[in-house]
Amino acid sequence: MAVPPTYADLGKSARDVFTKGYGFGLIKLDLKTKSENGLEFTSSGSANTETTKVTGSLETKYRWTEYGLTFTEKWNTDNTLGTEITVEDQLARGLKLTFDSSFSPNTGKKNAKIKTGYKREHINLGCDMDFDIAGPSIRGALVLGYEGWLAGYQMNFETAKSRVTQSNFAVGYKTDEFQLHTNVNDGTEFGGSIYQKVNKKLETAVNLAWTAGNSNTRFGIAAKYQIDPDACFSAKVNNSSLIGLGYTQTLKPGIKLTLSALLDGKNVNAGGHKLGLGLEFQA
């Protein structure tokens, strides 16, 4: 293991098996294009089949690789505008600096963040400062890795309250085909996940979570099967008897169709199930 993942990416492989390939209750359209000069456009729109609410977003990104710079502009249907400037591997190898700002003309709300990340062999360190009107908050994270073993700590300090408001700890083990992840959030929320790549076509995952003082344990299993290079099938179920099914088909290069359904196993004949449709275009 050269560089360990960020704290947010610990256990990501298992989460991807549970989340990717599903879009319950949504009709979604994604479009990604890239011009000859390297300018990337990403637009996304979705409609909620229950509330009929329509949301959308637009993002443009330009990479100035010669200087390690990335410029990103964002807009969404809540009329929030965002700007992000990133410089990587310029001031020091493995160091990434990001300035992220957003502004909502409707409400006048402004937000700014400075994000820093440093990664080298066996270590991944991050520190973000959020400049909020109520007072800046600082979020720090550290992940150490050695021979597949991972240990991470994440904290959030609010200057207005002069105290740590979040303290999370995680331990895991990672190989190319197997991943184990456990975490404790604020000493009250406990979770764990296992990811197993059975073979080139089949991936499986298990997750478990519970809260101190609550006897309700949340448990789920999921699997993803690559039928052929252009099609894959996903399925998951949890201890609430909710069954998720997903099918993704590449219709032609750059066009991908996703169909998904969420079924209530306790009330199969009662209705209330959710369906999802997604189309992704990439050029």
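Just so you know, glycine gets a Cβ as well, placed from its N, Cα and C.
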- request: Out of K20, K34, K113, K201, report back the residue that Swiss-Prot marks as N6-acetyllysine.
  value: K20
- prompt: Looking at Swiss-Prot, which of K109, K119 is flagged as ubiquitin cross-link?
  reply: K109
Field: Candidate set K28, K96, K236, K274, annotation ubiquitin cross-link, source Swiss-Prot, matching residue
entry: K274
Phosphothreonine: annotated position in Swiss-Prot, out of T52, T107: T107
Message: Quick check on the record annotations: which of S234, S240, S260 is tagged phosphoserine by Swiss-Prot?
response: S240
Message: Quick check on the record annotations: which of K32, K115, K161 is tagged ubiquitin cross-link by Swiss-Prot?
response: K161
Message: If I look at Swiss-Prot, which residue among K224, K266 would I find recorded as N6-acetyllysine?
response: K266
- prompt: Among 69-76, 137-145, 150-158, 163-175, which stretch has the most Cβ pairs under 8 Å to the transmembrane segment (123-130)?
  reply: 137-145
Message: To see if you understand the setup: which same-chain residues, six or more apart in sequence, place their Cβ under 8 Å from that of S260 (NAD(+) binding site)?
response: G21, Y22, G23, F24, G244, L245, G246, Y247, L275, G276, L277, G278
- prompt: Against which stretches of its own chain does the transmembrane segment (137-145) lie, if we need a Cβ under 8 Å and a gap of at least six residues from its ends?
  reply: 1, 3-8, 10, 122-130, 151-160, 165-166, 174
Message: Whole-number answer please: how many Å between the C-alpha atoms of K161 (ubiquitin cross-link) and S193 (phosphoserine)?
response: 34
